[in-house]
Amino acid sequence: MLAVRTNVPFRDWVIARIEEMLERIVDGLLEESDQLTVTLKSRSNATRRTNPSQDLERPPSPKSKDITFPGGTVQEAWRFTVVVRVLELVHGCLVDNTVMTKRDMYYRHPDLFVKQSVVDRYVDDLACTLGVSRASLNVTAAAKGLVAGNFRIQKSDGALGILVPSISDDDILDLSCVCRVVIIEKEATFRTILQSPHWKIRSSRCILVTAKGYPDIATRHFLRYITDRSPQIPFFALVDFDPDGIAIMSTYKYGSFRLAHENVTAGGAPALNLPELNWLGVQSRQIVRSLVTKHDSYDSAITDAQGLMRLTPRDRKKARCMLEWDLCAEDGPEPAWRQSLQTMLMLNVKAEMQFFEQLPGGLSAWVEEELSVKEREK
Amino acid sequence: MSKQYLTLHTLDNAHPSDIYSIASTKTQLLSASGSSSILIHSTTESDFSLVQTLAGAHKLGIHHLVTSKEGNRAASAGFEGALKIWSVGEDGMWKEDGEISDGKKPGDAWAIALSANGEYLASSSISGCTNVWSLNVAEGMPKIKDYETKGSFGLAVALSPDGGYTASGHENGSVYIFNNDTGRLSHSVAGLVQPIRTVAFSPGSKLLAAAGDARVIALYDVKSGEQVANLTGHGGWILSLDWSDTGEYLLSGSHDSKAKVWRVETRTCVATHSHGDKPVWSAKWLPRVGARSEMFALAGGNNNISFYREAAG
């Protein structure tokens with residue numbers, strides 16, 4: 001997964017601001033201050049009540065409030081604890097560049113948060129305080145994944161992809177026409193494929209899913225539901241050739257350590273993982289093959305090949321950290337991931353799936369061809 | 001005039017994953033890969049048998065491996081950031097001398113080179129600096145030179161056989177030649193604006209070859225810094241360069257699985273070999289021994305090491 005380039009420094013900025021807030025608390029503790037304070041701005045009490053001096057076109061100004069510990073009441077102490085915990089959770093999401101729904105956040109500490117609306121309020125207050133959208137905190141409301149294909153669900157249906165439906169055990173999901181599920185990292189690619197001529201042929205047998213980066217629990221739950229009921233349907237992942245791409249794929253396949261508690265059922269089996277997930281691409285051999293077809297021109301090089309980029313220092317650090325994962329160990333279960341991370345480091349190169357748009361027929365034709373190759377391998 | 005090289009032997013699946021670096025001595029070939037171990041094969045036996053395994057040398061895999069020209073020393077660089085120094089005994093067995101401790105920026109080191117006598121190690125770095133260490137174990141292997149550049153990732157480094165120069169190649173296309181006696185930059189050449197992935201001094205230390213994503217091998221005069229030739233013909237990024245003992249031939253390996261032998265005097269390609277369909281990460285001449293024909297070894301993404309011998313006559 002590649003953040004839009006202009007957003008990378010922005011996320012760092014948000015992280016730094018949250019760390020400032022947390023550091024002020026830590027400094028207060030170290031200095032043995034009489035009182036610890038977090039200042040939040042909030043619009044949560046804003047109403048549409050008419051105010052003659054208010055410009056009706058502008059949203060109401062946020063009100064500033066201090067949340068202190070120890071406060072005057074038990075309620076204030078609780079509120080302070082909630083705020084600090086929300087800060088920690090949001091900070092964790094941003095640093096790992098994972099996305100958490102507010103619901104996920106609530107279920108981390110339901111006893112502390114008491115009800116969903118408490119989380120909702122303080123996440124929104126934090127966004128308001130920093131002057132950013134909630135999405136910039138890597139917090140979303142419920143499912144964010146999209147799905148399309150020839151399956152029937154007794155609740156709803158859609159055209160250019162619908163939000164991943166929540167599935168309960170009582171729902172009926174008709175998968176009789178489905179031959180494969182393809183998980184795509186990026187929404188843009190998801191939409192490109194839906195609009196391509198190949199999809200018109202493929203759509204009758206294929207389910208296409210995107211979680212728009214790191215998967216949310218609702219999307220993983222939906223996919224797990226499919227494989228539990230139809231284990232013969234193969235799953236393929238299409239992610240960028242970069243450390244985040246492999247990390248996204250590992251979340252689908254093995255789960256997220258940060259949300260590990262969500263994976264366990266009463267029987268102890270991992271409830272959301274897709275252990276049979278196949279890596280469709282992007283892999284280094286695919287890049288090598290495509291680069292060779294650009295043989296004719298000496299002017300072409302890394303900076304000219306669309307979708308091919310240098311690793312950032314963060315990428316290099318992440319790649320090295322991932323090489324330490326048990327999954328990527330020398331005798332671990334994912335030697336191809338280990339080899340790919342090493343190759344990225346060797347070349348200092350990463351590639352977006354858009355790299356294949358340059359080929360005849362574009363990315364959609366390439367996906368088609370790779371799926372055919374994969375299916376011939378079986 | 002073309003030359004013919006025959007495949008003499010192939011070590012199939014010598015390593016379990018991509019072989020990123022090979023290095024030769026008069027009697028052995030050392031190889032390193034995405035696995036944690038360094039393998040040593042005999043080059044004096046017809047089956048190139050495995051004679052030693054340095055197990056678990058670098059847990060996360062090894063990206064660079066070099067030997068000194070005299071063959072007494074080796075150095076390895078791992079993906080975890082460590083640089084290790086090795087010595088060979090009279091029995092042909094290698095043992096670890098220790099690790100380079102670069103307290104400032106662990107993990108910043110990238111490409112490495114050993115001096116001919118094995119007494120110095122040069123390293124390029126992700127931050128762009130080029131460092132040189134003394135490998136005197138009794139003195140704790142101290143750093144003796146720190147060449148600053150403009151901060152572009154140092155993808156390649158070389159030490160001249162006469163000890164006089166250090167060269168580095170960078171991601172922004174820069175090539176620097178440093179004078180080790182004065183401790184200063186001799187030349188900064190910027191003929192190409194694409195990553196330079198490999199640099200190599202000729203045996204007489206008069207020429208420097210540099211190559212990378214531009215798919216051209218540039219030859220520079222070390223004394224004047226002038227570019228004296230361009231060798232073209234590769235279809236992929238050039239990842240590896242090595243001069244033959246006499247300096248008559250240059251061997252190059254590329255990302256598109258091809259290796260080429262160039263005759264330096266005529267600036268022509270005299271042989272091309274395909275090493276499977278994966279990148280050739282490393283191409284090395286084997287030192288001339290006795291009456292043996294000119295030989296080189298190739299290693300890369302197909303996990304094999306192949307040895308080629310010049311056809312007689």
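Heads up, the Cβ atoms here are built off N, Cα and C, so glycines get one too.
Positions annotated as region 'Disordered' by TrEMBL: A:40-70. The compositional bias 'Polar residues' annotation in TrEMBL covers A:40-54. What TrEMBL lists as compositional bias 'Basic and acidic residues' is A:55-66. If you look up TrEMBL, you'll see A:78-139 marked as domain 'Spo11/DNA topoisomerase VI subunit A N-terminal'. Here TrEMBL flags A:Y107 as active site, O-(5'-phospho-DNA)-tyrosine intermediate. The domain 'Topoisomerase 6 subunit A/Spo11 TOPRIM' annotation in TrEMBL covers A:181-357.
Using a 10 Å Cβ-Cβ cutoff, A:Y107 (active site, O-(5'-phospho-DNA)-tyrosine intermediate) registers 16 neighbours. Residues belonging to the domain 'Topoisomerase 6 subunit A/Spo11 TOPRIM' (A:181-357) score a mean pLDDT of 80 in the model.
Taking DSSP states H, G and I as helix and E and B as strand, the domain 'Spo11/DNA topoisomerase VI subunit A N-terminal' (A:78-139) has 49 helix, 3 strand, 10 coil.
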